[in-house]
Amino acid sequence: MNDPAARVRIFDTSLRDGEQSPGCSMTAAQKLRFAHALAELGVDALEAGFPASSDADRDAVRAIAREVRGSTVATLARCHEGDIDACAAALEGAAHPRIHVFISTSPLHREHKLGLSREQVVERAVMGVSRARRLVDDVEFSAEDALRTEPEFLAEICSAAIAAGATTLNIPDTVGYTTPSEIRALFEYLRANVRDADRAVFSAHCHNDLGLAVANSLAAIEGGARQVECTINGIGERAGNCALEELVMALRVRSHYYGAHTRIDSRRLVPTSRLLSRITGMAVQRNKAVVGQNAFAHESGIHQHGMLKHRGTYEIMRPEDVGWSQSQMVMGRHSGRAALADRLQALGFQLEEAALNRTFAAFKTLAEKKREVFDADLEALVLGSDAVAHRGWRLSRLHVSTGAGGEADTMPTASVQLHGADGETVSEAAVGDGPVHALFAALARATGIELDVDSYQVSSVTTGDDAQGQAQVIARVDGVEVTGSGTSTDILEASAHAWLDIANRQSRARAPAVHRHAAIA
Ligand SMILES: CC(=O)SCCNC(=O)CCNC(=O)[C@H](O)C(C)(C)COP(=O)(O)OP(=O)(O)OC[C@H]1O[C@@H](n2cnc3c(N)ncnc32)[C@H](O)[C@@H]1OP(=O)(O)O
Ligand SMILES: CC(C)C(=O)C(=O)O
């Protein structure tokens, strides 16, 4: 790149383009909460919404403009007086307000969508930018569908937008059509052919219809873009936008190649991604780069063996640097002896070679039947399942009541009865914010064990009306992430088993070691 110390500004549009994902609408309070998280993450600008689109969006933008500090607050408007004035009114109180006006420039959009000639589109763009510029100092202009626009017309309208006062020129690949070499060449062309190009920051806004949004945004940077528009988890219209976490980490991991940096606090990437998933209810796919559950999980024996020798063999970035606590060695069908021995050692078992070989054979047989082999399964393999089952709490009765409507008797309540390792029976009850919360609170009371639960999820492991649900609880025990699982046709019962799985392991781990080694022989 020509500019070795380039700073790339990150413009997050999760709250505007991201919210355009079907199913991702957020309330004003949720948008405000997420805007604070984006400011903490260190985004240079956050697009808070499109005030003219609804009262709810206008109210969300207002609250964000008044409260959120540390990032420019941008809002979107068509080249319409009303839209632009609504932006200015909603942005009142913002420390750094930006109005972002857009109009389509491609022949297809001009003819079929707007019914406007080239001249009329330029006229509207100039009207929009100059009106916005009278209201705020920071004005962004976007040429919608820029990548399907005649390059010389794009240069003409960008030149007119700069002359009218635009400070950022955004070049959107609205339908995710371009390729890396094409967009790079377009940015180079625009930087050379737009009049007074140095008076504006060039920006890329890439959609992911062909899965190229991040690659195209990186290529735009190579071509001279110094702002990239992106969203957390890559949410956005249709297949989404450039994923912020992927772009930021690509620039960081390949900093020598790109010679560019951002001011994002990368350790906040995973917490921010999780917050967005919780707010929108849109799960992140497991194999999603950087923030997916599998991003730092290793299952195959050859990789695990390499990882145990040097993590650089199979990891190009550290999980801690993006907000995960550690890499994960997942025990499954593809795991080898090195990983098994290492995991068993972490569980307190030092096996001699012959015992390890026997356990390994039993482990492979079990892994054929189970997708993932958990610590409790390994303990059962080594100690014998009876020994494990009888050395902990077992659920003998469970009752959960819940409901909605605000009546006192619908408050989520759980009661449990457990049998202990020494034959004792204990019953306890608790209320909670929801049925699972109440259940976990009742189990904590009954066992006297407090678990610091990090995450909880239920998935179906069989199909049909009588499908088995598998509950997975991840808790932090002595600073280490421990996963417990339970299966049942009743998801609350599965959840109780998953919670007890961790609690029992925690108490076994604290039991005298001699007892645990005795069964191995
Ligand atoms: C690529 C993008 O992501 S663009 C942003 C997309 N975001 C949104 O659409 C936000 C949500 N939208 C809405 O709530 C509504 O569409 C509103 C309130 C903005 C407009 O609603 P309506 O007035 O009912 O218009 P409708 O949505 O049916 O059509 C859009 C109108 O805007 C016009 N228009 C579209 N883009 C622009 C533009 N950039 N500048 C000027 N006019 C435009 C269209 O030509 C059409 O005009 P017409 O009504 O005269 O035919
Ligand atoms: C309004 C612009 C920036 C947009 O979202 C797009 O073209 O995809």
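Just so you know, glycine gets a Cβ as well, placed from its N, Cα and C.
In TrEMBL, annotation is done automatically, which means it is predicted and not curated.
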Figure out which of ASP17, ASP44, ASP422 sits with HIS205, HIS207, ASN241 in the Mn(2+) site per TrEMBL. ASP17
Could you check what DSSP calls ASP17 (Mn(2+) binding site) once collapsed to helix, strand or coil? coil
Cβ atoms near HIS205 (Mn(2+) binding site) (within 10 Å, other residues, all chains): 28
